[in-house]
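Novice: My structure is below; once you've seen it, I'll send some questions.
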Amino acid sequence: MNATYRHITVLLEEAVSALAPREDGCYLDGTFGRGGHSRALLEKLGTGGRLLGFDKDPQAIQTGKALAAEDGRFVIVQRSFAELGDEVRARGLEGRVDGVLLDLGVSSPQLDDPERGFSFLNDGPLDMRMNPGQGISAAEFIASAAEEEIARVFKEYGEERFAKRMARAIVQRRQERPFERTADLAEVITVANPAWEKGKNPATRAFQGLRIHVNNELGDLERGLDAALESLAVGGRLVVISFHSLEDRIVKLFMRKHAKGEADNLPRDLPIRSKVFEPRLKLLGKPQYASEAELKANPRSRSAVMRVAEKLK
């Protein structure tokens, strides 16, 4: 792989420590990426330990296969972590996993490689798919979606307040010629944005929304969290690193729901609530963020938030 696209793993030591790895434990890395967390975790495992990695990205799978060839304790699977439950059941591991790690979002190699089509800074084909062999590309969505749908994606997933204005500009321009390149789309969005945020590219939010939609990131996260909980053994750890407020909100609400049971929806004076609604998770500590040293070494870690929970039942 080109060194230009090197990935710096975020919250590396913190995430591995949060898993509280046992030498003979069984662990899942739901977002293998370039293997930073997996390699660090393998260093903590003994000869009886096992680690199963997941990723949709073909380039990540190549890296994972190389690691599997080096270390027989590791196996890589080309699946979304949303399908974690199916894989775990097929391997007879449901309820037997000691820790699950999810490091969400897009990796540096994906962002920095223009050919992947994620970046508004480097021109490339307008793709944005984590797995280029599955689903529709960003270009296909932009070419076919109604103006209202484009605006919804920008607003709901990108939290872009000028979503309608941007969608209108895109639909008007596509009547002349289709959008095929990231720079072309970024230029139209930038012109349509009347109020640029200081220190942020005017296309940032729209591109985030488009990427999340194309990859069904939030839907996959909800499915993956449910599957992770079922896969864990009692005492197993769930560690999730998110990079924007939409992801973090889903993670926070999921952990709180299972830490407090469903009792939040019932009257506080209901006498049987504590007996009927037993928590399945215990929240461990407060959300963790990158240290000052990590922020200096890797500015992309500035938005990272890590949450940790332990399975109770």
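Each residue's number is its place along the chain shown, starting with 1.
Glycine is treated like the rest: Cβ placed from N, Cα and C.
Note that the coordinates shown come from a computational prediction; the quantities given were computed from them, not determined experimentally.
Swiss-Prot feature annotations, pasted as is:
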{"type": "BINDING", "residues": "GLY35, GLY36, HIS37, ASP55, PHE81, ASP103, GLN110", "note": "S-adenosyl-L-methionine binding site"}
Novice: Taking the Cβ of GLY36 (S-adenosyl-L-methionine binding site) as the centre, how many other Cβ atoms fall within a 10 Å radius?
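Specialist: GLY36 (S-adenosyl-L-methionine binding site): 19 neighbouring Cβ atoms within 10 Å.
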Novice: When DSSP states are folded down to helix, strand and coil, where does GLY35 (S-adenosyl-L-methionine binding site) land?
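Specialist: The residue in question, GLY35 (S-adenosyl-L-methionine binding site), is coil (DSSP, three-state).
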